[in-house]
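If you check TrEMBL, you get these features:
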{"type": "REGION", "residues": "1-24", "note": "region 'Disordered'"}
{"type": "TRANSMEM", "residues": "48-70", "note": "transmembrane segment"}
{"type": "TRANSMEM", "residues": "145-162", "note": "transmembrane segment"}
{"type": "TRANSMEM", "residues": "168-187", "note": "transmembrane segment"}
{"type": "TRANSMEM", "residues": "199-217", "note": "transmembrane segment"}
{"type": "TRANSMEM", "residues": "223-243", "note": "transmembrane segment"}
{"type": "TRANSMEM", "residues": "255-273", "note": "transmembrane segment"}
{"type": "TRANSMEM", "residues": "368-389", "note": "transmembrane segment"}
{"type": "TRANSMEM", "residues": "396-415", "note": "transmembrane segment"}
{"type": "TRANSMEM", "residues": "441-462", "note": "transmembrane segment"}
{"type": "TRANSMEM", "residues": "469-489", "note": "transmembrane segment"}
{"type": "TRANSMEM", "residues": "501-521", "note": "transmembrane segment"}
{"type": "REGION", "residues": "569-592", "note": "region 'Disordered'"}
{"type": "COMPBIAS", "residues": "574-592", "note": "compositional bias 'Polar residues'"}
Amino acid sequence: MDAVQLDGLDPPAENGNVSQSEPHKRLSQVDTVVLPFLGGFGRYQRRLVALTWIPAFLISFIQFSDHFLLGQPDRKCVRPDQNRTSSGRDIFDLIATGNAAESSNVTACVCSEWWFELQSGLQQNVVTKWTLVCDGEWKVHIAKFSLLVGSIFGYLLMGAMADWLGRIPVLLVSVLSVLVFGLAVAFSVDMAMFSTLRFFEGFCLAAIRLSLYVLRIELCLPAWRFSMTMVASLIIVSGQLLMPGLAALCRDWQILQIVIIAPFVLMLPYVWMFPESLRWLLVTQHYQRAKRQMYRIAHSNSVDEDDDGFAELETELQQKPKTYCVTQLTGTRNLWKNTVVLCVNSLTGYGIHHCFARSVLEGSASHLHYYALAAIAIASCLVLFPVVAGFGRRGGLLTFMIITALASLLQLGLLNRTCVYSSIVSLVTVLRDTLNQRFSYAFSIIGMFSSHAVSTLSIFYCAEITPTVIRGGGVGLVLASAGFGMLTAPLMELHNQKGFFLHHVILTCCTLLCIICIPLLPETAGQPLPETIAEGEGLLRRPILPGEQHHLLARTEVREYSRVQDTPLHQVVNPGNGSVPSNSTANGVRTS
């Protein structure tokens, strides 16, 4: 391939009026200038993206390990406890207050020796080893809680560190840490030690997932970003499908924990195999490291390494590196709003997914229900491809959120009305119950399908909207929001599902709020990733409907009303004399 000089490629007009006398401006245009010059999405990038897929199996094993390590077994009392003489008075008090079901639980828990049988393929897990039933069952929910809380802190803190130090240092430190804490979990001596170590395991796992996700996004050109991310999602679900077989082979929870942690050793050579993100190096002005990596990419992609093509980079080598932090979002005008909308979408998607799953599972731990959840996730990922290709990121997210809201509303409202009208005739009581159960299953399956798509697409959407300088922190925020949504499951279990209906109603209201806010997001399909905060601010909303664009006022017509062009932030987004394209509008770009 002939050498192409960077100064011969003009950046597209929609990225702003970039002067040809400012080489560093062109160097920040990675999708439109730098990567095409280095061979596009060539062999080098494809190999690195494949390397980000391999750890997806390992991440999925830990994510779904709770089902096996902390699964509740079938139990039977072998030897009743004869020393608990006060249980009769406790039972009488519960019956007197109308809690007959709870009184039966108290009766069943008066036991000194248990017989357990697990349905997950293991012969022993954490629950059976330390007899975490009845009065000790709350410790199981705390253990689930600790892994998720650790993940939330990991997303928030290590996401900011990835923007400050780089993606690779965070990845390598997290791999070493997860090996230490993950293996230590297998040798826990009590439940307090187990839960504490699981917190740090979740913290490190979150950092690994976040850094790999950001690296994968930043390696790809616009046409490849979504497909490469969805392949990684499918690999994670494939790991979920393999977990029951792995548990059946290990038989013991400690062996299973070691088996799912030990393969992380294979990621240690990434320090030599995986380079730092070129986007991050260029935008933070680490030009010496960027130059070496660009030569490496050009050689691997069989691009002629003509020094004239790197002439502009040579002029910038004396620039001092810059650091950025996700807290700079608070000084933006549009970017923080887009991030908040996607965070709420992610929280709602994961939170309401548990509400739908509970209607299907109803406390079951059988493999049939486990595989059903995995099949729904696979179907959701596969349907995402044509929907996003046809409607774009924003249209696809809005479509799945509408489906989620409808499924939730029908499950909450329509079935209650069916019960009211059916109860008039006592003859059809059995038919009514069967019909209600089948409707509930149908709406729950549809809701799980669409809410999984909402969650997956919200995280990807945020990675495209957030600029490179703070992408780690931005993606960390939306992933932490997803963690808060997943926290609803152990919290409801900890309170014995009390307040579950109100919890479901609140999340349904959140879906309606998201439907209103999603159209305010900019469309990113086929667009270059924003590299700086100014470029992230320049992502403006485009019309969804064809007729909407004719009702948008030109920017010059609303100048006196909004005074947007007079603000310092707008001058940063559009440097120079403030001139804008003639087709620019207050809400986006007029397309016709």
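Cβ from N, Cα, C; glycine included.
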- Ranked by Cβ pairs within a distance under 8 Å of the transmembrane segment (145-162), the first of 441-462, 469-489, 501-521 is 469-489
- Item | seg_contact(the transmembrane segment (368-389), the transmembrane segment (396-415)) with at least 3 CB pairs under 8 angstroms, min sep 6 | yes
- Task: Quickly jot the same-chain residues contacting the transmembrane segment (48-70) by Cβ under 8 Å, restricted to those at least six beyond its ends, or write none.
- Result: 120-122, 125-127, 140, 143-144, 147, 182, 201, 205, 208-209, 212, 215-216, 219-220, 228, 231-232, 235-240, 242-244, 246-247, 253, 256-257, 260-261, 263-264, 266-267, 270, 273-275, 365, 370
- Between the stretches 168-187, 441-462, 501-521, which wins on the count of C-beta pairs under 8 angstroms to the transmembrane segment (469-489)? 441-462
- Would you kindly check 223-243, 255-273, 396-415, 441-462, 501-521 and say which stretch has the most C-beta pairs under 8 angstroms to the transmembrane segment (168-187)? 255-273
- Looking at the stretches 199-217, 223-243, 255-273, 501-521, which one shares the most CB pairs under 8 Å with the transmembrane segment (441-462)? 223-243
- Note on the structure: Per the Cβ under 8 Å criterion, with at least 6 residues separating them from its ends, the transmembrane segment (255-273) contacts 51, 54-55, 58, 61-62, 65, 68-69, 122, 168, 171-172, 175-176, 178-179, 182-183, 185-186, 208, 246-247
